[in-house]
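Here's the structure, in structure tokens; my notes come after.
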Amino acid sequence: MNLKLLFISTFLGVFCYSNAQKEGNECINANAKYCGECIQAGAKCGWCKDPNFLKQGETVSTRCDELQSLIKRGCAEAEIENPHGTHKIIKDKPVTNRSKGAEKLKPEDITQIQPQKLSLTLRSGEPQSFNLKFKRAEDYPIDLYYLMDLSYSMKDDLENVKNLGTSLRVEMSKITSDFRIGFGSFVEKTVMPYISDQNCTSPFSYKNVLKLTEDGKKFNTLVGQQHISGNLDSPEGGFDAIMQVAVCGEQIGWRNVTRLLVFSTDAGFHFAGDGKLGGIVLPNDGKCHLENNVYTMSHYYDYPSIAHLVQKLSDNNIQTIFAVTEEFQPVYQELKNLIPKSAVGTLSANSSNVINLIIDAYNSLSSEVILENSKLPEGVTIAYTSHCKNGVVSEGENGRKCSNISIGDEVMFSISVTSKGCPKQGKPETIKIKPLGFTEEVEITLNFICECECHKEGVKNSPKCHFGNGTYECGACKCNEGRVGRKCECSSNDVATEDMDRTCRKDNGTDICSNNGDCVCGTCECKKRDNPEERYSGPYCECDNFNCDRSGNKLCGGHGRCECRVCICDPMWTGSACDCSLDNSTCMATNKQICNGRGTCECGICKCTNPKFQGPTCETCPTCPGVCVEHKECVQCRAFGTGEKKDTCEQDCSYFHLIKVKDRDKLPQPNDASYPLMHCKERDTNDCWFYYTYAVNNNTEKEVHVVETQGKQKAGLT
């Protein structure tokens, strides 16, 4: 590789590593001045409250670090503040197991989500999780309110709706034994242009014709008494009507059960801003304005916005079914995408299919559960994981919902709540989670860990903090306002003066704090390094823990720690880089002698006194008499498969590496090798000569070169 490129890539690697270290240690980056501030920095952060923990020159914020780093630096675990969050279930009523035809229960006695109430204690950055169970109850009560456009174009539709009450009740009885139905109508604001003839009533914004009732015949009777109206423009004022149906719970008669709103029209809709056509500029206030079941403020307030409607429908757990003609399907399909838990069905020209439409839409809505939560406090996040039917698991936004849920099905959601820091007040907060379109909800109280336990034992105006200028807590001084310094010994107005700087210069030199720190109140406070593992220390920041000798590219050889640029070695290690082992076991020979008595053990390695001897324990002498005879039998069995050891060759003779050569000229020569070499000539069992060399190479491996063919003449005849 090009040297320039190598340098750049190395530099970038070091730079990225340093920055990753810096960005990764949120504890050090927090620059915490007290324990509570430290534990809010992240879940990995701990605070060492040992009064004697800091080295001279280290700032108070150095007490805040990751746990393993604190322990490594000498803080006992018992001296580390590291609180953990908890969760506690307060109300855990089981979901209802009930079949249709069983004893009738009140809506408030039916449970579809579990648990109902719990308390979470949150430590910053540490998630608290719990499971939420949802079971779609059988024979669950339903309230259905039919809201119909009574403009002139809906004349034939009205005829078909007149018998809707009894017919729909029959069909809904297949789903629930507790069903109520209501009816309302709308046309347009009274200030908007309209027309009428002898068969049309004057336009109106919204009428609540029939409060929710179990009497289907009464529904038929009252609907039969309705008359159509007319207006000039095509869009209608249905949004005014939807808003009143949503917020006028008492007048409509909504119960805490499944609430369905069927919105039937063959036209588009007006929304916020269109009221200007009639001179109306005040935004819709989202409140109930029914008098004698008629909306009285249509001339005063503008139409609601879509977002406003979404909020009110969600707040009141109303699921909307848009029953619209085919012409306006695309418009209401887009509207459905903006309104959670809503459905769109195609209405025939005369509404003859309205019952099937409602049943299909209800089945579609009730087969899906979507969780939503109330507004979260600042810094709090929530994550959902759904465990749906057939082992389907989803996360993120899809983790909020499960589809294709049949009556009696049970699904599970894993919910994780995390806080970053503490809310400004630090007081408990309450959030709620509920399935969209259902009245049941989970109430969660959030408590926040904003201070350490040792904070409770803090001593205000402590004499340890320079004549009471601070609170002594968790092993350090938390200075009063206007005071600074490790012991609050200075006024913030006097943190840097020439007189104080004098005490920060080592040996009356010119460098303040060795150029590695700042002089604060006449005391050096050392700078922080990009790498959180590296630190300056000392009364003048003259020491550091990263400029010691290295071995094997490791600081202090990996066998010690660096203190003030000197390696403090671990037991059994010595040397300036702690790379010399004092363990003699690696030099011990099989005869229990150090280096076989032929050398000395230096840093765990034998130094043989006689250069003829080699090996880890000076055990071999390749050029000594008797070497050839010693290895003869093994060379013979390995090379030719003969000799006394041919049957035990594998287990007895695998201690050397065998290399075959074609003739004697190919054998290595003493002058060619950088290590001692012994030439051997021995007889085999057939009284033939064979030739080989024996050596221990520079890697302390035993090596044998042998001529692959034996001498063809008998010994003594050559």
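Keep in mind that glycine also has a Cβ here, set from the backbone N, Cα and C atoms.
Long-range C-beta contacts of Cys45 (disulfide bond), restricted to its own chain and to partners at least six residues apart, with a cutoff below 8 Å, comprise Glu26, Cys27, Ala30, Ala32, Cys38, Ile39, Cys64, Asp65, Glu66, Asn82. Marked as disulfide bond by TrEMBL: Cys35-Cys45 (among others).
Taken from TrEMBL, the feature disulfide bond applies to Cys248-Cys288 (among others). Of all Cβ atoms in the protein chains displayed, 21 besides its own lie within 10 Å of the Cβ of Cys248 (disulfide bond).
Cβ neighbour count for Cys402 (disulfide bond): 25 (other Cβ atoms within 10 Å of its Cβ, all protein chains included). Marked as disulfide bond by TrEMBL: Cys388-Cys402 (among others).
In sequence order, Val627, Cys628, His631, Lys632, Val635, Tyr691, Tyr692, Thr693, Tyr694 are the residues near Cys680 (disulfide bond), counting only same-chain partners six or more apart with C-beta under 8 A. Residues or ranges marked as disulfide bond by TrEMBL: Cys422-Cys680 (among others).
For Cys479 (disulfide bond), the same-chain residues 6+ apart in sequence whose C-beta sits under 8 angstroms from its C-beta are Cys465, Asn469, Gly470, Gly485, Cys488. Taken from TrEMBL, the feature disulfide bond applies to Cys479-Cys488 (among others).
Taken from TrEMBL, the feature disulfide bond covers Cys519-Cys524 (among others).
Annotation source TrEMBL lists disulfide bond at Cys521-Cys556 (among others).
Residues annotated as disulfide bond in TrEMBL: Cys569-Cys578 (among others). Same-chain residues at least 6 positions away in sequence with a Cβ under 8 Å from that of Cys569 (disulfide bond) are, in sequence order, Cys556, His559, Gly560, Gly575, Cys578.
The disulfide bond annotation in TrEMBL covers Cys580-Cys587 (among others). Under a cutoff of 8 A between CB atoms, and with a sequence separation of 6+ in the same chain, the neighbours of Cys580 (disulfide bond) are Trp573, Thr574, Glu602, Cys603, Gly604.
If you look up TrEMBL, you'll see Cys603-Cys649 (among others) marked as disulfide bond.
Positions annotated as disulfide bond by TrEMBL: Cys608-Cys618 (among others).
Contacts of Cys624 (disulfide bond) defined by a Cβ separation under 8 A and a same-chain sequence distance of 6+ are given as Lys612, Met678, in order along the sequence. Positions annotated as disulfide bond by TrEMBL: Cys621-Cys624 (among others).
Residues or ranges marked as domain 'Integrin beta subunit VWA' in TrEMBL: 35-452.
The domain 'Integrin beta subunit tail' annotation in TrEMBL covers 628-716.
Among the features that TrEMBL reports, signal peptide is placed at 1-20.
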Out of Cys248, Cys521, Cys618, which of these disulfide-bonded residues is nearest Cys587 (disulfide bond) by C-alpha distance?
Cys618
Cys608 (disulfide bond) to Cys519 (disulfide bond): how many Å between their Cα atoms?
56
If you tally other C-beta atoms within 10 angstroms for each of the disulfide-bonded residues Cys603, Cys608, Cys618, the top scorer is Cys618
Taking only the Cα atoms, work out how far Cys618 (disulfide bond) lies from Cys649 (disulfide bond), in Å, as a whole number.
25
Find, among the disulfide-bonded residues listed as Cys288, Cys388, Cys422, Cys556, the one whose Cβ has the highest number of other Cβ atoms within 10 Å in the structure shown.
Cys556
Cys288 (disulfide bond) sits from Cys388 (disulfide bond) (Cα to Cα, rounded, in Å) at a distance of 39
From the disulfide-bonded residues Cys35, Cys248, Cys288, Cys621, Cys649, pick the residue whose C-alpha lies nearest to the C-alpha of Cys521 (disulfide bond).
Cys35
Could you work out which of the disulfide-bonded residues (Cys578, Cys587, Cys649) has its C-beta surrounded by the smallest number of other C-beta atoms within 10 A?
Cys649
When neighbour density is defined as the number of other C-beta atoms within 10 angstroms of a residue's C-beta, which of the disulfide-bonded residues Cys35, Cys488, Cys521, Cys524, Cys621 has the lowest density?
Cys621
